[in-house]
Ligand SMILES: Nc1nc2c(ncn2[C@@H]2O[C@H](COP(=O)(O)OP(=O)(O)OP(=O)(O)O)[C@@H](O)[C@H]2O)c(=O)[nH]1
Ligand SMILES: [Mg+2]
């Protein structure tokens, strides 16, 4: 396996924002984001990569340090690491940071990569009933079976849980019990908790190289803050659930904030001077990653979502991810004033988010389990990832890379943020508005008046039309008729079909005639007058006749149809037929 | 150039002046190399990271060099391009032991070669694969492979392994640079 940088192969990559500095698929690094950090361990301005390697299976836990592309050193760890941080514990020169590795109930401190100190969490209170039962066992007052029954009774109801010793005893087969009791009964009972997460908090200065306290979350639902030099407990706070992820800001002596994501799916915010959480954010699914961006918290949730909240718990946004989150990290480039969120997904992609917009997508060869971004070696924008299969990927952000919010795949369309060019209000508009405001009543009255006049005019015209039977609907009550006309043909011959219907309920109509009125220079009709047969109510009577257009000048006119009653001169109804222009020429 | 200078040039009293740009990532050893090329009485004792850039001069038997020693730090790299026009030769220094940042060096080199002020000029480029004394240093062949130097077709180039602290390999590079037809490029002709 060569450890030289892999070359850029396809052209798509060359336009990418990232340079592929190193990829070792068999680096044998098995770790999570909580156990990986970058630190200037030797004080030479060159940051090293420090990894708490969980190994495979039971053994092989190691503290590994990388320089550039190569492994610099390896220390064996006694137990699985749950968290790893680098911190400055004192003011001594040279100011090289110490490494704290949390595993089980212990924190192992390394200075110059040599074991320096071991901190043990204080033991917890033992259930007095449990103590009592074991005392009886020690005095051989009860046999192992009775001991088992009594411990089971305590386990089921007690406020204070049993110690590991009793729990292990309850798991034993009857034949193993005797020897276990004999071995354990002389020892004092200890109940110990374990560390679930670890962070650092500046003591009293905000500088980058200020001395920091360790902040630890435990399985016993507590958060402890430790003094950096003496490793005494400076402060203890309690949570309603077991902390799993933690972000710490501020200074211990001034003001600080600890944001903790807990196993019950809630996020709590602890502050100085409060033993209990100040705010609580209830999530709809379990938190997988927790990042603080300025004053806001961004949480990656188990249900393929990412959500942002203010530190007071107000939800800002939710974004839906294409795959489950495996881990998250902050991309912070203070020299360029740029911050974003790195989200590793189970589909072998790492997305860079600015707020809820994806600004860059990195495809990886394997699922990424840990991410770390920062200064590595001498390069400020280095992205370090380890994969499920134990690989190590190092990418460097190009100096010229710009993250354009607009090339995001999802998020709101750009059009939404473009301001419309609304013209300024003209003087005319303003004057008009003023006039309307001042004369509202008069204008309303004028409008109402005009509206009434319009209605009156319409009603008069209607009445007139009815009186002179100009409509195709008969107004007479004795002969309720309806007629419509259809013209067919292109010309010069047209077929005229009149559909006449008697709309009375049961009375037939008789003695009707039809007459046409037209310009005789333009049209000729074979019969311009004919009688209509008896009209049975409800039926439609189509009456056909033919019209000949005499002009070839492309003009047309109206043909008027009158339905007449024998012996009366006023028509029952009138229809005007707009004749179409004759498009054909008469055959002579 | 004044008339007197020109006269001195014709008479061979004055050496030909050449502007050289010294480029490369931070910590690659640019300042150390230039310091070694200066006469021993003018050499600085401590070398600190360059801020912005500094101008140094040294002479060889036939030429008088004015070197722009640019800072290689990320935030100063955008200064480089402002001096491309003036440069008649480029010295590009690579830390051969920094495998991780070889891609960054390549990226900066590619940006340089594609710059309009450089792209169409037959400007000679001298590469120093520096820090060859370090245990994990790559060979100059490997460095030229990683930087894809074989793709530079339209410019004379040369790569030397060097150890700037001891001054090894530097003379070979400067000799090559002198051998190239520098005077030809010193006329401000572009777009050949
Ligand atoms: N071992 C070794 N160290 C070298 C060599 N050349 C330079 N150095 C060391 O590398 C460090 C950086 O050298 P500089 O000359 O300041 O590098 P630079 O390229 O000018 O850096 P910037 O000015 O920041 O761009 C110094 O500590 C030098 O002593 C070399 O050939 N071998
Ligand atoms: Mg320098």
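Just so you know, glycine gets a Cβ as well, placed from its N, Cα and C.
Here the structure is a predicted model, which means the values were calculated and not measured.
According to TrEMBL, the GTP binding site annotation covers B:24, B:25, B:26, B:27, B:28, B:29, B:30, B:31, B:72, B:130, B:131, B:132, B:133. For the recorded site, residue B:31 (Mg(2+) binding site), the DSSP three-state label reads helix.
Per TrEMBL, Mg(2+) binding site is recorded for B:31, B:50. Packing around residue B:31 (Mg(2+) binding site) is summarised by its Cβ count: 23 other Cβ atoms lie within 10 angstroms of its Cβ, all protein chains included.
Proximity of the binding-site residues (B:24, B:31, B:133) to ligand 2: a Cβ under 6 Å from the molecule is found for B:31. When the Cα of residue B:50 (Mg(2+) binding site) is compared against those of the binding-site residues B:28, B:30, B:133, the shortest separation belongs to B:30. Least crowded of the binding-site residues (B:30, B:131), judged by neighbouring Cβ atoms within 10 Å of its own Cβ: B:131.
Filtering the binding-site residues B:26, B:28, B:31, B:50, B:72, B:131 for a Cβ under 8 angstroms from any Cβ of chain A leaves B:26, in order along the sequence. For the GTP site, whose binding residues are given in the record as B:24, B:25, B:26, B:27, B:28, B:29, B:30, B:31, B:72, B:130, B:131, B:132, B:133, the maximum C-alpha distance rounds to 21 Å. Reported as a whole number, the C-alpha separation between residue B:72 (GTP binding site) and residue B:31 (Mg(2+) binding site) equals 10 Å. Put simply, residue B:24 (GTP binding site) is 10 Å from residue B:31 (Mg(2+) binding site) when counted between their Cα atoms.
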